[in-house]
Amino acid sequence: QINLSVIRQYVDYLINKQNVKNVFVNGTTGEGLSLNIQERKQLAEEWVCQGKDKLDHVIIHVGALSLPESQELARHAAAIGAGGIAVIAPFLFKPTNKDELIAFLQKVASEAPAVPFYYYHIPPLTGVKIHVEELLDGIKERIPTFQGVKFSDRDLLDFAQCIHKYEREQLAFLYGVDEQLLSALAIGADGAVGSTYNYLGQKTNLMLEAFAKPDLALARKYQFLTGEFLNFVIKLGFGVAQTKAVMTFVSGIPMGPPRLPLVNASEEFVVKAKAKLDSIVWPDGD
């Protein structure tokens, strides 16, 4: 079941401990697609409420397999004052080309005509492999509120072409594969959305600062160490349930178990993951 009571503490933790001031609600890590409409609305309301005057941006993921449900969530997000909405591609009956996908996105975006709209590109989960470079061609004419992309794919060629062709249109290109963020920054990523920033947000911010200086050697150290941890836990079996377990032991905030068909992380995973994270010596000496 959803647990609204910890969200205030969660917001304060992200800001004070991780220097994270933007959140993406009801996405993959939040199991948004496993929740019903009412649960998604309650979570969106609580994050917007608790983040008011604290967080810079609260983007609500409103994608669903059902177009009417996605539209309802978009209207709700607009009504509660969300800073943006995002939509994943439908992944059972899939769009087979750009026009079909844009038609779906446009029908959702039009229900929140004053809210910035983002496309959530995650082909490893959706199986929808329409190149974002192709999707962006003329999209602002169809979706005037289109603001950018949450790009959760390893195809850096597609990502690079998006930035090369469309950066003048002032779109936001947010990268979503945490262990490759430095590569995406070099190409021109504007920011990132990812699960590790819940518990490695401070370290990632230090990497961003190093990259901006630029101190690429220092930035690489942070990226390599993030990758070292992820490589270790991926070999143990790393998914949403395990992410919840890591966030629980790092933050002290109970993230709870996942919803079936996902099952809880094993105690063995928790012990090994905690030991590995504790063993990492970061460049800032922590």
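Cβ coordinates come from backbone N, Cα and C, glycine included.
According to TrEMBL, the feature active site, proton donor/acceptor maps to Tyr120. Here Tyr120 (active site, proton donor/acceptor) comes close to Gly27, His61, Gly63, Ala86, Val87, Ile88, Ala89, Val149, Lys150, Ser152: these same-chain residues lie at least six apart in sequence, with C-beta atoms under 8 angstroms from its C-beta.
Residue density at Lys150 (active site, schiff-base intermediate with substrate): 26 other Cβ atoms are found within 10 A of its Cβ, drawing on all protein chains shown. The active site, schiff-base intermediate with substrate annotation in TrEMBL covers Lys150.
The pyruvate binding site annotation in TrEMBL covers Thr29, Val193. Neighbour density for Val193 (pyruvate binding site): within 10 A of its CB lie 23 other CB atoms from the protein chains shown.
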